Amino acid sequence: MPVFTIRTNVCRDSVPDTLLSDLTKQLAKATGKPAEYIAIHIVPDQIMSFGDSTDPCAVCSLCSIGKIGGPQNKSYTKLLCDILTKQLNIPANRVYINYYDLNAANVGWNGSTFA
């Protein structure tokens, strides 16, 4: 059930139509979780600054039941920053990604929880 959220000051018109699908496929491969459970949420057109500059930037989060931790997070960060640089022209040094390892009992889906 990984959920990847991107909040960015990049305008909606500059977000490629393929970004959702590309992120889903890459995160499924990286996490080993089925693509059917991966959710992507892109919030463009935000009023943001990073380092006192309003150049393109992003603040992201990846939430998952498991598959979150030190070495994995480094791998995810490289993967996700590469995608954001390639598809949204956001340099990797203008991206923050917060990681959250969720308890299965605290995640609801399809009328129940994952616990």
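We count from 1, first residue shown onward.
Yeah, the Cβs are placed from backbone N, Cα and C, and that goes for glycine too.
Under the heading active site, proton acceptor, Swiss-Prot lists Pro2. Classification of Pro2 (active site, proton acceptor) by DSSP places it in coil, neither helical nor stranded.
Around Asn98 (substrate binding site), the C-beta neighbours below 8 angstroms that are at least 6 residues distant in the chain are Val59, Cys60, Ser61, Leu62. What Swiss-Prot lists as substrate binding site is Lys33, Ile65, Asn98.
Ile65 (substrate binding site) has a Cβ environment of 20 other Cβ atoms inside 10 Å. On a Cα basis, Pro2 (active site, proton acceptor) lies 7 Å away from Ile65 (substrate binding site). Of the residues the record lists as binding substrate, namely Lys33, Ile65, Asn98, the two whose Cα atoms sit farthest apart are 19 Å from each other.
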